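TrEMBL annotations:
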| type | residues | note |
| --- | --- | --- |
| TRANSMEM | 136-157 | transmembrane segment |
| TRANSMEM | 169-188 | transmembrane segment |
| TRANSMEM | 200-218 | transmembrane segment |
| TRANSMEM | 230-250 | transmembrane segment |
| TRANSMEM | 270-291 | transmembrane segment |
| TRANSMEM | 311-331 | transmembrane segment |
| TRANSMEM | 337-358 | transmembrane segment |
| DOMAIN | 402-505 | domain 'HTH araC/xylS-type' |
């Protein structure tokens, strides 16, 4: 019994030994096959320079076949092939394997390796360097400049006194979002999307806010619109987009870099179509508001009309250029010109708003709307000397509205050399018509009207913090008077006390 058991154990041991030797032999045989395949198919990378063009093509084909089988480290081979072809001054083949190496390792700095100095002036390598390496050209500088101006403006206009804060806030947000977009474009032109992959889709969620902001701005300045709770519904598309892109925002940087290199843009078609739809819908609404304001009976200054017209024009140009670009992009037809054109249209719009804010600050003051009185019989003073006048009631009312605007908003009375002739030129009418409008609607002559506005302005200045410690004559000059005597006389005429007495009674 023991002898039989002993024989069984020896048999199992012998069988195991044979099995071990067989496996080892198989492994060794497999290793030789790989080695032989590598050596036979891969040739010698360093010998590429000495091959003819025909042999180089064959060698490249053999390399590709070997790499397709994943028999060896493809990343290492891409690197060595790129170096070897660069050394052989084969720039196109070298760049082909440079790009393969980048796609494999996500290392975009490989393009700038010193081994490629020999081919750095070739078209293929220059194109690759422009694509992956950091750049700092005029487009990037321009975008940074526009962004800086926009950021500065979006802060400054919210600190203007005597202004419509709601309208200014809407416009500042509109400019701020476009300034953020310009920062993103600057980074794009500098190729920083490869070095800061978390910028992928960073400002895309703002796309659905452009339309609502400019729409409500126009409603505010043309209709004095007050917001309602239901207006928050306009934020729903933006909220939906944030939820949609949240998984992408939470991806690690390496995964985002891979998406950038391989140009993978999830939801690109959906985002492009929905953004275009949003821009078109709100664009139509803004144009309707603008046309409605032109047809209304409210008087709006010419500079305000020009301002609104130009904003509508810039927005329309941007929407049109984006529409064409989006359609071509979704059709996989690239258009660098249209891409740059839409960026330029946004930049010009930001610069125009900034320019207007500083050159024509009254645009961002109180609402420039003067309501025409519905019944003019109560406002017109009966005067027989104008019975034969050719001035119609409708024109008289229009001139009155314009004059009120010049007085209340432009403050023309603060010009110490203002004359009836100058006011008539501003109203685009005759001196006779201007004088008649002042007499009939204000029951004053020209100088009485001007001095009355000057005195009211002086009273406001005397009560203000800014003019504490100033002399009365300084206030007189500020509101348009040329001397203290005339100022005191006019002040007492309308208030029955002198400026000094007014200060003691109402200011101190």
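Counting starts with 1 at the first residue shown.
Including glycine, each Cβ sits where the backbone N, Cα and C put it.
Non-local neighbours of the transmembrane segment (270-291) in the same chain are 204, 207-208, 210-212, 214-215, 218-219, 222-223, 237, 241, 244, 308-309, 312, 315-316, 318-319, 322-323, 326, 329-330; each lies 6+ residues outside the stretch with a CB under 8 Å from one of its CB atoms. For the transmembrane segment (136-157), the partner stretch with the highest count of Cβ pairs under 8 angstroms, out of 169-188, 200-218, 230-250, 311-331, 337-358, is 169-188. The list of residues near the transmembrane segment (230-250) in space but at least 6 beyond its ends in sequence, with Cβ under 8 angstroms from a Cβ of it, reads 200-201, 204-209, 212, 216, 256, 266-267, 270-271, 274, 278. Secondary structure of the domain 'HTH araC/xylS-type' (402-505), assigned with DSSP and counted as helix (H, G, I), strand (E, B) and coil, comes to 78 helix, 0 strand, 26 coil.
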